[in-house]
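K.L.:
Let me give you the structure first, and then I'll get to my questions.
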Amino acid sequence: MKQYVVARPLYSEDAFADEHEKIHRHHKTLRHHVKQYFTCDLKRAKNAALSLLPFIGWMRIYQLKEWLLSDIVSGVSTGLVAVLQGLAYSLLASLPPWYGLFTAFFPVIIYFFLGTSRHISVGAFPVLSLMVGAVVTRLVPDEGPPINITGFEGLTSDEQRVMVAASVTFLMGIMQLAMGLLQVGFIVMYLSDTLVSGFTTAAAIHILVSQLKFVLGLVVPGLSGPLSIIYTLEKIFVQIEKTNVCDLVTSILIMVVVFIVKEINDRYKAKLPVPIPIEVIMTVIACGVSYAFNFRVIYKVDVVGRIPVGYESPMAPNMQIFGETAVEAFPMAIVGFAVAFSVAKVYSVKHDYIIDGNQELIAFGASNIVGAAFKSFAASTALSRSAVQESTGGKTQIAGLLSALIVMVVTLAIGFLLEPLPKSVLGAVVIVNLKGMLMQIREVPYLWRRDRPDCVVWVVTCLASILLGLDLGLAVGLGIELLTVVFRAQFPRCSVLANITGTDIYKDRKDYMSIYEPEGVKIFRIPSPIFFANIDFFRGKLVEAVGFNPLRVLRKRNKALRTIRKLLKKGELQMTSKGLLLTSSGPIEESEDESNMEELDQPSDFKDLPVQVNWNSELPANIQVPRVDVHSLILDFSAVSFLDISALKGLKAALKELIRVEVEVYIVACDEYILEKLHSCKFFDDEVKSSMFFLTLHDAMLHILEKHPVNSEKTKVCEKSSAIKMIINKNNSCNVATHV
């Protein structure tokens with residue numbers, strides 16, 4: 001076994017500071033930061049341009065011969081998938097199918113210039129589409145009149161829905177752009193993987209239920225709000241006997257074939273040059289069969305229908321819709337960015353380049369604003385489509401640009417070929433692509449075994465999102481997640497440490513058998529910041545660790561001193577060679593004078609007594625005071641990252657209570673920032689001194705063993721084991737020799 005030996009002086013924080021001079025660092029003022037932020041020179045202008053237009057950076061290193069062919073293959077493959085998913089996800093947004101083609105075109109163009117990821121495919125995302133659909137059906141329901149909105153006059157139901165979808169997307173884009181400009185991309189860090197997993201699983205269930213009406217060929221009005229999924233299932237099962245058998249058979253056939261081929265793609269992806277585009281193939285076959293056998297007329301199958309040629313003129317968002325949808329737009333902005341950023345982060349790590357969260361917010365904000373102006377709905381990234389773009393060899397967003405060109409060709413020239421496509425085929429494609437999100441439910445048993453608070457977050461987020469809707473469910477999940485963080489910080493797992501025999505290592509005494517605990521010494525560790533919410537918990541656990549309440553002991557001692565003074569004054573207690581001796585035989589009552597409780601909390605005063613009282617010995621007149629067997633307490637602050645003002649006050653009060661009952665307190669491994677804060681807040685006084693702070697736990701322990709030796713021989717080496725030695729030099733300095 002490898003060994004190391006360290007010989008150095010024993011250091012308190014004060015001793016270390018005296019011996020080792022620190023570098024004085026000048027901290028920049030707020031004025032300096034503001035001045036630097038607004039200073040402009042050629043270098044900053046160049047960096048700002050590269051930051052705002054990231055495509056310049058990778059275009060400068062673009063390897064034409066090596067990358068172009070891969071980007072072309074990837075762009076064509078991704079474009080075909082984007083066309084199909086655009087049509088399918090439009091149904092989730094409760095919009096005519098061709099508006100999904102707009103979402104697969106305009107946001108992609110803007111992201112090409114502003115985005116930092118080279119591999120994600122921008123466009124419709126099923127969860128966002130469903131959230132847009134919930135807003136659309138709330139303002140323009142399938143049954144009943146739409147909400148009273150200025151600007152709806154003279155518009156058809158579909159046109160009203162397009163206005164709602166475009167307006168809420170525009171507002172979502174404004175929110176994302178504002179967050180990016182304000183540099184608050186870190187906000188996505190509050191959405192843990194567990195929360196996102198539970199949320200997307202619930203979204204997948206919502207999507208599955210919403211597509212059942214297309215798979216079964218039923219007419220079911222779109223519903224939104226709490227318990228909408230229950231009401232939708234009720235309406236489906238009420239008319240289940242009206243199921244269109246042709247739609248059902250077509251959907252089942254599509255789902256089985258697509259599922260099998262996708263499994264083949266996954267299993268043999270290393271051998272296949274490109275994944276088999278089975279969704280596109282089955283869509284083409286379904287279109288041909290539907291057209292040849294006239295499904296729409298003969299079997300009453302609902303088809304995509306007329307797809308207008310070209311793009312529609314841009315439109316301005318409706319301000320009144322902004323007010324009606326602001327609450328829904330914010331979670332959409334967060335979810336859209338969180339999903340896109342997490343996917344982008346995976347590919348950036350895999351391909352070794354850097355993405356910027358704030359720039360991604362700007363890119364998606366601008367993409368959604370421009371897209372909404374041209375009547376597209378909320379854009380993010382779909383995991384399956386991004387996987388296609390990356391797995392088919394895509395190197396840069398040139399592939400994304402080419403996919404947008406494929407979508408444009410369909411929109412301008414060949415869209416009519418998709419008119420006989422049954423909507424049940426689109427529903428089947430959507431459902432079969434939910435496999436990844438639905439299979440996340442397998443995480444629950446793992447989380448339950450490994451981290452139950454995380455499991456609670458997953459389950460509550462999922463159930464709340466299913467029953468209350470995605471927007472409220474996300475808010476509930478975020479609240480539960482923050483509560484778990486608060487509880488973990490408010491009720492940390494405190495522990496009493498002991499020395500591992502033969503080392504200078506200290507671990508929880510409950511976890512190891514071979515430990516050394518010097519008599520009268522306690523080591524207490526709190527593994528979290530100390531702040532207003534957990535300072536009382538900290539003090540309570542500290543009392544448990546030492547085995548007595550110092551304030552109660554102090555009050556008992558001061559009451560005992562009152563009684564002793566009273567007896568001395570009456571002559572019933574006299575000083576002898578053996579100490580204080582009771583001269584009267586009558587019963588003696590302990591002083592119960594509670595008139596001045598503040599005096600009982602002050603340090604014990606022996607100045608007018610003829611002798612110092614030994615509180616651990618038998619006291620005269622049957623005076624009872626709790627025994628204190630602890631003479632030294634070490635507080636391990638190695639895991640304490642900050643203290644707030646409430647914690648400072650509570651900590652100081654706890655230290656004073658311990659010091660006043662003659663317990664020496666030492667604080668070890670304290671962060672330099674906390675020490676500076678203690679000095680600046682006037683934490684130290686005549687009782688609480690800076691000399692109680694030691695560099696390491698072992699330094700403090702050796703200092704205690706020197707001050708309270710195990711035996712009376714002062715120069716004897718304290719050698720509980722051959723591994724820990726403390727040598728007392730002539731000048732009383734201590735060297736530590738540790739053998740591992």
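Heads up, the Cβ atoms here are built off N, Cα and C, so glycines get one too.
Caution: TrEMBL annotation is automatic and unverified by curators.
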K.L.:
Transmembrane segment per TrEMBL sits at which of 34-53, 214-233, 354-373?
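P.N.:
Result: 214-233 is the stretch TrEMBL calls transmembrane segment.
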K.L.:
Should anything in the same chain at least six residues away from the transmembrane segment (122-140) have a Cβ under 8 Å from its Cβ atoms, list it; otherwise answer none.
P.N.:
82, 85-86, 89-90, 92-95, 100, 103-104, 107-108, 111, 115, 146-147, 149, 157, 160-161, 164-165, 168-169, 199-200, 203-204, 206-207, 210, 221-225, 228, 321, 324-325, 328, 331-332, 335-336, 339-340, 364, 367, 377-382, 385, 400, 430, 433-434, 469-471
K.L.:
Using Cβ atoms and a strict cutoff of less than 8 Å, what residues sit near the transmembrane segment (186-208) while being 6 or more residues removed from its termini?
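P.N.:
Result: 92, 126-127, 130, 179, 229, 334-335, 337-339, 341-342, 357, 430-431, 434, 437-438, 440-441, 443, 447, 454, 457-466, 470, 473-474, 477-478, 481-482.
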K.L.:
Do any residues of this chain, six or more beyond the ends of the transmembrane segment (68-92), have a C-beta under 8 angstroms from a C-beta of it, and if so which?
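P.N.:
Result: 98-104, 121, 123-126, 129-130, 132-133, 207, 210-211, 214, 274-275, 277, 279-280, 283, 304, 377, 382, 384-385, 388-390, 392-396, 398-407, 410, 418, 421, 423, 426-427, 429-430, 433.
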K.L.:
Taking 3+ C-beta pairs under 8 angstroms (sequence gap of 6 or more) as contact, is the transmembrane segment (274-293) in contact with the transmembrane segment (329-349)?
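P.N.:
Touching, no - the transmembrane segment (274-293) and the transmembrane segment (329-349) miss the threshold of 3 or more Cβ pairs under 8 Å.
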K.L.:
I'm a bit unsure how to read this: which one of 98-115, 160-179, 214-233, 329-349 has the highest number of Cβ pairs shorter than 8 Å with the transmembrane segment (245-262)?
P.N.:
214-233
K.L.:
Give the mean pLDDT for the domain 'STAS' (511-704) on the 0 to 100 scale.
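P.N.:
85, rounded to a whole number.
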K.L.:
Could you pull out which residues elsewhere in the chain have a CB under 8 Å from any CB of the transmembrane segment (329-349), counting only those six or more residues past its ends?
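P.N.:
Cβ under 8 Å, 6 or more out: 116-120, 122, 125, 127-128, 131-132, 168, 171-173, 175-176, 179, 185, 187-188, 191, 193, 196, 199-200, 355, 357, 360-361, 364, 368, 378-381, 383, 386, 390, 470-471, 474-475.
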K.L.:
Under 8 Å for C-beta pairs, could you tell me which stretch among 98-115, 160-179, 214-233, 398-418 has the largest tally with the transmembrane segment (456-480)?
P.N.:
214-233
